[in-house]
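Below is one structure, written out as structure tokens; the observations come after it.
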């Protein structure tokens, strides 16, 4: 029994329990000793990150079944259990989560002077919840855990936000995502009544009537669409980004939106295939409109964070087009952009954070000519801008091209609009970079200039390496995901 426990701990339970322990230990340390608290939080997050590739090393890509499955009897009288597992789709989301949390702790290393212990605790609890979400095989707990993620995010925005409207933005973020998820709870209860369990493996083999499928699909869509977010339920995202601290923006860009897309891939598409096929035009239309609308809206923004936030919405709506293209190219191509979306906007938000720390403004009109005063930041920003444009050789390109191919097989007009959105994305990305980095300095507004220090540069390097690594050698992703994606397409009768 001890051997089995140790094996489970090293595979799945370890990355979940490490942040839990790391969040508890600082509670017994006085607030005055902030440095040991930070070191404990950083070490716990780094250990979790080192644990996370273990399932990838032992992962068997030849099977689509969930691997390293663990179960714990939670509510046995209701046949509700705590199931954990991992497949080729969720594997890399866990690694992305464990990668971003140490970055967020380092970003707030010197800035979170007030309530530093609480910040570390909130970050590690958030990590624990997000890892559990991506490994959860029980729909009921998949509802409970993402809603629990809202609590530390609400606290981080509301307490460490940068402006007076941070409380409003925190409530908007919390209420939008929570109210949308109520419908998901109704769908789960209906599934429980029909199947007698919330075990995902049993639910996937259950035949739902077409009418019930449509109802369940709409209920789950209401929950996941807000988290992506899809237009018109995207209003909370730009406001949350603007008011959140830099570390909060990094994690907002990196993970919460993946909870929605992962929910579509894990539950909506495989469990309700007929409803998914019927709803494809319903997804295509707002997603295509959203790509064009948010791209045009981005070019009219004056706040650097809002520009990146609206750009983020455009990229994620392109992902939804790929997910609901009923072929391997579309579904398989939608996963690498989700991972890339955790790197590229996060790096851009870090660039904005560096500027804000020095000049206390994010308004575009105050910046210009930074290439002569901050050459290192200008180079980092240029690399991130190329990735945001989906240039070949970057992480964004390897997914957006297959998405366009998959969408074209289904609807050439939607694929054309998506391609137009990519062109607009390149246009506003180059416009923003040219406006901020090139041109003349504006000494009337900005007086002191300093390039990123060693700690800040060390934070940027993993993002740049990840973007180039995914773009130049992307083979590792289809190797691990192909069987799971093929099974998803076949299970949904999309072929």
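Our numbering is plain: 1 for the first residue shown, then up by one each step along the chain.
Even glycines carry a Cβ here, placed using N, Cα and C.
Listed in TrEMBL for this protein:
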{"type": "TRANSMEM", "residues": "12-29", "note": "transmembrane segment"}
{"type": "TRANSMEM", "residues": "36-54", "note": "transmembrane segment"}
{"type": "TRANSMEM", "residues": "82-107", "note": "transmembrane segment"}
{"type": "DOMAIN", "residues": "140-419", "note": "domain 'NADH:quinone oxidoreductase/Mrp antiporter transmembrane'"}
{"type": "TRANSMEM", "residues": "143-161", "note": "transmembrane segment"}
{"type": "TRANSMEM", "residues": "173-194", "note": "transmembrane segment"}
{"type": "TRANSMEM", "residues": "214-237", "note": "transmembrane segment"}
{"type": "TRANSMEM", "residues": "307-326", "note": "transmembrane segment"}
{"type": "TRANSMEM", "residues": "338-356", "note": "transmembrane segment"}
{"type": "TRANSMEM", "residues": "413-433", "note": "transmembrane segment"}
Contacting positions for the transmembrane segment (413-433) when only residues 6+ beyond its ends and CB under 8 Å are counted:
284, 287-288, 291-292, 295-296, 298-299, 304, 307, 311, 314-315, 318, 321, 364, 381-382, 385, 388-390, 400, 403-405, 407
Mind checking which residues of the chain, 6+ beyond the ends of the transmembrane segment (82-107), have their Cβ under 8 Å from one of its Cβ atoms?
12-13, 15-16, 19, 38, 41-42, 45-46, 48-49, 51-53, 55-56, 59, 61, 64-74, 120, 123-124, 126-127, 130-132, 134-138, 141, 199-200, 246-248, 250-251, 254-255, 258, 262, 265-266, 335, 338-339, 342, 346, 350, 353, 455, 458-459, 462-463, 466, 477, 480-485, 488
Please determine whether the transmembrane segment (173-194) and the transmembrane segment (36-54) are in contact (criterion: at least three Cβ-Cβ distances under 8 Å, sequence separation 6 or more).
no
May I ask which of the stretches 36-54, 214-237, 338-356 has the most CB pairs under 8 A with the transmembrane segment (12-29)?
36-54
Chain residues outside the transmembrane segment (214-237) and at least six past its termini with a C-beta under 8 angstroms from it:
143, 146, 169, 172-173, 176-177, 179-184, 186-187, 190-191, 208, 252, 256-257, 259-261, 263-264, 267-268, 271-272, 275-276, 278-279, 286-287, 289-290, 293-294, 309, 312-313, 316-317, 319-320
